[in-house]
Amino acid sequence: MAGQPEDPSLERHFKGHRDTVTTVDFNPNTKQLASGSMDSCLMIWNMKPQMRAYRFVGHKDAILSVDFSPSGHLIASASRDKTVRLWVPSVKGESTVFKAHTGTVRSVSFSGDGQSLVTASDDKTIKVWTVHRQKFLFSLNQHINWVRCAKFSPDGRLIVSASDDKTIKLWDKTSRECIHSFCEHGGFVNFVDFHPSGTCIAAAATDNTVKVWDIRMNKLIQHYQVHSGVVNSLSFHPSGNYLITASNDSTLKVLDLLEGRLLYTLHGHQGPVTSVKFSREGEFFASGGSDEQVMVWKTNFDSASYADLLKYRQHDQFLNGGDYTSGVPAADRHRPERNAQTDQADDLEPRHIQMSAKDRSSPLSYTSRSIDQHHPQAEDGNLRTVASTLEHIVGQLDILTRTVGILEQRLSLTEDKLKECIDNQQATVSLSHSATKTPSF
């Protein structure tokens, strides 16, 4: 059982926003979670069950991006009101504000050393600032449409940006030059980020795809077509071996990057999932959606071999366009397929949550080469038949899971109505007793 991963499970379920949740991020100490919303509010959720959440008000329009500093002492938020705010994540909610752009600020991100900020805007520019006193340093200006996202590389030497001009640009922070443009997306790119090793980038796009490039060779090495809707956000597991994606199709997808396949499909949000983020240690991930909810999930699937996986997080050997399983311990490479079990946490109204994890045999679109090209045609046909059968079974299981979720919701509504009737009856009895009492002199 040592190499057998467990299924992700729902841990917490937060309600408090009054409109679509657009962005989420964990405090590096994993004790707090920040979320921004179209309701213009920043919420700080405390992971301890009994601690109250903080609502920070200051932005005049929707918050589109939040990011904790590496120290956890500050939170940066970017807004449609064209400003960036730096908040202290305490009960006082103190903040400083600066006008960052002449258009909507869609993205804000700290550098790895916590000394710099990078912002991206509808004014078609990317700007870099000092955190101390929010001093403007320089601007990157080659995009010809809105810039939706910008991130520092882990070592802080590079910046990656994604724009509605359908390009992803890689910038050298020192020379301030664009060193490469990736133009292989059929749609707009909503989100882009660096792999923890700094050797690759992944992008989420409106053409329902997720693509991974090796930035040393400027080569597309993985191409996933697993969503049926626009992909809004993604997050790398800190080990670098997993990628989680959030989509308008109401699902989260967990991808195994080493084996190039889909691991899990998670159902929980009612409507588009707009944001997803792993915690700094990878133990949890959070998601936000148009249903105004924030969900925290326990990763689980990395627990059995996390220590081993970290050993293989080498800057020069991962995702080199060759053998995707080169960094996986031999015991884990050919583990048998299994059906993942549905798991729910009984915390903060979990009856609204429905989570299923699909079988891992779901086909992926490869760009580098087909992993089955060496098999005879007959065997290949058999494999396709088996895969088709498994997909059908998984589809039926998914329908059953959804049905159970609906039944649970109906049962919960019945329980709530019954409790309300009992409360009303008790109140009526109490009033009746008080009315029959005669005053004593």
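Numbering starts at 1 and runs along the chain as it is shown here.
Placement of Cβ uses the backbone N, Cα and C atoms for every residue, glycine included.
The repeat 'WD 1' feature in Swiss-Prot is assigned to 16-55. Listed as Cβ neighbours of the repeat 'WD 1' (16-55) (distance under 8 Å, sequence separation of 6 or more from its ends, same chain) are residues 61-68, 70-72, 75, 77, 79, 81, 85, 87, 89-91, 93, 274-281, 283-284, 286-290, 292-294, 296, 347.
Helix, strand and coil counts from DSSP across the repeat 'WD 2' (58-97) read 0 helix, 19 strand, 21 coil. The feature repeat 'WD 2' is assigned by Swiss-Prot to 58-97.
Annotation source Swiss-Prot lists repeat 'WD 3' at 100-139. Mapped onto DSSP classes, the repeat 'WD 3' (100-139) shows 3 helix, 21 strand, 16 coil.
Taken from Swiss-Prot, the feature repeat 'WD 4' covers 142-181. Mapped onto DSSP classes, the repeat 'WD 4' (142-181) shows 0 helix, 22 strand, 18 coil.
The repeat 'WD 5' feature in Swiss-Prot is assigned to 184-223.
Look at Swiss-Prot and you will find 226-265 tagged as repeat 'WD 6'. Model confidence over the repeat 'WD 6' (226-265) is summarised by a mean pLDDT of 98.
The repeat 'WD 7' feature in Swiss-Prot is assigned to 268-307. Remote same-chain partners of the repeat 'WD 7' (268-307), defined as residues 6 or more beyond its termini with a Cβ less than 8 Å from a stretch Cβ, comprise 1-26, 28, 30, 33, 35, 37, 43, 45, 47, 229-230, 232-239, 241-242, 244-252, 254, 329, 332, 345, 352-355.
Annotation comment: Swiss-Prot describes 323-380 as region 'Disordered'.
Per Swiss-Prot, the feature compositional bias 'Basic and acidic residues' maps to 331-340 (among others).
Feature annotation from Swiss-Prot assigns compositional bias 'Basic and acidic residues' to 348-361 (among others).
Feature annotation from Swiss-Prot assigns compositional bias 'Basic and acidic residues' to 371-380 (among others).
The coiled coil annotation in Swiss-Prot covers 400-427 and rests on sequence analysis.
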Composition by DSSP (helix, strand, coil) of residues within the repeat 'WD 7' (268-307): 2 helix, 18 strand, 20 coil
The repeat 'WD 1' (16-55) - residue tally per DSSP class, helix then strand then coil: 0 helix, 20 strand, 20 coil
